[in-house]
Each structure stands twice: as C-alpha cells, then as structure tokens.
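The domain 'FAE' annotation in TrEMBL covers 27-307. Feature annotation from TrEMBL assigns active site to C168, H247, H334, H338, H367, N371. Feature annotation from TrEMBL assigns domain 'Beta-ketoacyl-[acyl-carrier-protein] synthase III C-terminal' to 330-413.
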Amino acid sequence: MEFFIAIYTVFLFYVFVQLCKRFLGQKNDCCYMLNYECYKAPEDRKLDTESSTRIVLRNKNLGWEEYKFLLKTMVSSGIGEETYCPKNVIMAKEENPALIDSIEEMDDVFFDTLDNLFSKSGISPQEIDILVVNVSLLSSVPSLTARIINRYKMKSDIKAFNLSGMGCSASLIAIDLVRQEFKIHKKAFAIVVSTESFGANWYCGKDKSMMLSNCLFRSGGCSMLFTNNPDLKNRALFKLTSMVRTHFGSNDEAYECCIQVEDSQGYPGFRLTKKLTKAAAQAFIINLRVLLPKILPLWELIRYALVYHRWSKEKSPMLEGVGAGLNLKSRVDHFCIHPGGRAVIDGVGKSLGLSEHDLEPARMTLHRFGNTSAGGLWYVLGYMEAKKRLKKGDRVFMISFGAGFKCNNCVWQVMRDLEDANVWKDCIDKYPPETLANPFTEKYGWINDERLSFLRIEDILHFSSGSSGVKDVLSVH
C-alpha cells in the first residue's frame, strides 16, 4: 500500500512541476545554439602508424615492456590512423616545449573555428556579449579570452570567462555558465570555445598509467554560438532543454583517477588510473537520478518504479545496470557520448542498454579524431548531422565525463532537419568502415616475440619499418 501511495505522490508532484513550467516559466529563460564549428588540423599533422612509432622510439626512457604495453594499448584503443597531433610533437620538440608552442596550438584552433563560425552565421564579432573559453592545461597572461577579444576587436563590455582544470567535460560546464548569464543578459549572443593544450603536456617518461594519455588524446576543438533571443529560434540548430552537473570530487578514488602529476623521475603528465571506470559509473548514476525525472514521461517513470519494485523483491541481477529497466528511447532519440575511449563508450552502452547504432557516432569519432577532450562531443554531434540522422523535434542526450571527477549531461532538442557534413565532409562516406582493426598489430606485433628480447633500441629502429627484416632475424635465431 505504501508503494502505491508513493506512486500517487510522484504523480501529483509531476503535475505540479508541469503546471509551474507552463504558467510561471520565463519566456527568455532559453538557450539556442545557432552554429558550431569543429577544428580539423592540416594533413601534415596526421598521426598514422609510422609517425606514431617514430615518436615512441624517440623516448629513450622506454624498454621492451613499455613497448609491449603501448602496442597493446594502441591496438585496443579504437583509434585509427587519421587523428591529429600537436605541431611541436610532430617536430620532435615534445621533451622541451616552449610557451609559444602552446600559444600557437591554441591560436590554430581558436581562429580557424571562429573565422568559420562568424562567416557561416553572419554574426559579427562585435555583437558578442559573452565569451567563455575552456582549456584545462594552459592558463596564460593575458588570458586566452583576451587573445580572442584582441584578434576580433570585440566590444569593451563583453563578459569574458576562462575555465581551466575542468577536463573533458568542460564544454558543458561552459555552456551552463552561458545559460546562467542568459538569465541576466536578455537577447544576447554568446560564444564558447572548447579545446585542449596537449603539445606542452606530452608525457616523456615511462609510467604506464601516464603513457595512456599519449595513446588517447589528440588535437581538436570546437567553437559554438548561442543566443537567448526567441526571435532567432527559427535560425537555431538546437535548443537546450535540460542540464545536470555532478561533481564526485569528495570521493578520494574519483578525485585521483584523472590527475596531472609528475612521475618519480620528474616528468610531468596526466595519470589515468584503473579506478576511472568505477568513478565514471558512480558519477553517472548520481547524475541520472536527477536528470532522468526531468526528461522521461510520467508513464515511463511509473512503469520503471513498478518494475524496480518487483526486481528488488526478487533480488534480480538486472538491477546492476545504471539504466536497468528504463526505456530512455521513450523520450531520447540520439545518444551523444564523450569519445573518451573504447571502455567509456562500451560502459555507457552497456549501462543504458544501447544498440551499436546508438554507439556508432561515438565509436567513429574516436576512430577518426581520437579523444579531443572537451571538444570531442561536437565531433560526435557532427557525425550524426553528416549522416542526416538529426530531424526536427528529435532529442539528443549528451553525456560527458571529466577530471575531478565530473559527469555533466544535457538534452538538446533539434530545431530543424540537419544535414551539414561539417568537419566530416571529406570522409563521411567511408564511415563506418568494414573494420576498425588497428594496423599496429600487423606491422609491430613482432614486439611481443620473446625471441627478440636481445635486441637493442638501435635494432628496433632498424626493424621498425616492417616485419620482413624481423622474420629474417627470427629465422636465424
């Protein structure tokens, strides 16, 4: 009896909330995305198998065990051969990066994406009221926002914000900041620029937990244009309908699972521990408990409550999933998952009971562009648009995770049919490929052969061009 009273109470609360939204909601409390522009680096910065090998072999701190670890990591990473690397790493300056390298890395992303954004939208830089830049691993003086303001000669009363240290989920934090500013500034334009400074943070040591970042993170970024002017909603691509931010930093394991540190030899880098997956799952659960009641229809919540009640009595193993028993597709059409790595994508897919069709945009983004940190979500969204999946009225569930540990999720409503090929225009027809197999196994699988453990670094350099020379050595020994 108490259970059904609880269901009835939920129903009354739901009706009350809906009435408040309808009659007390403010018209101007909205956030429309007018456009977004993802960055694609020049062809000479592509990180294929051969260039990756050259970079790895430059690190004189590595031995056979580290090479085996890197090979295993790259093969299972889900990353392809067309991702992009910072310029200073391509130029073999990763061990002694200069400040100018980091600044130039940011300028490339900032000005390329913003030039295209202003050109496509028809909005002048002088019309921008709010500017938010998120770069976790670089904080310069003058600020990064100041560089943009100076470049485009923006107005003097612009509200500028720099976010650092927020990790891969920083993009949604920046958008939430814009949303809060929109409550004060009516009919305003805002720009969010999301990218990361990897060049100066390339790890040159041999700690395996810190070597992972070199395998996963790649160059990229995105600039987005927003407004809260309802008169421009017909020009908008998306409307933000819900957002929930979760910070799990009070948990020690979660706080330490993604952290910038120096190793025992003094090499700085970014450590990713085995506790990351657990921290992400816990933060995700906390976030969904708040977000799902905001987006799912009442009948689905009641159905879930009944199913959960039955399963709890039976102690069913089905309760183990984050979204076990929930039909998210009753109110969500697309899932835009942070392409942080294959484990992240697989974990979210399993937790929410998603199909390979749902996971395809995140997997293909990881394969083509790698983990571009806070900018990654927009490459995933771009894939959906390039594949002409996004239709007017559809809802996109955006899921992000970041250091701290944070889980920030939101829902966008598609305002019109979208089909711009954007950053994917030169390769969208090739995706999804027949196989995501990584060529590292074919070319460098011989590293796992114990019979070659007698070789020196010079020997590796000699045989790294292919497996035929290695086979000759094996035939002798």
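Just so it is clear, glycine is given a Cβ too, placed from its N, Cα and C backbone atoms.
Each of the active-site residues H334, H338 was scored by the number of other CB atoms within 10 Å of its CB, and the largest score is that of H338. Shown in sequence order, H338, G340, N371, S373, A374, G376, S400, F401, G402, A403 are the residues of the chain, 6+ apart in sequence, with a C-beta less than 8 angstroms from the C-beta of C168 (active site). Proximity of H367 (active site) to non-local residues of its own chain (separation of 6 or more, Cβ distance below 8 Å) is seen for G78, I79, G80, Y431, P433, L436, given in sequence order. Rounded to a whole number, the distance between the Cα atoms of H247 (active site) and H334 (active site) is 24 Å. For H247 (active site), applying a Cβ distance below 8 Å and a minimum sequence separation of six or more within one chain yields G404, F405, K406. Counting every protein chain shown, the number of other Cβ atoms lying within 10 Å of the Cβ of N371 (active site) is 25.
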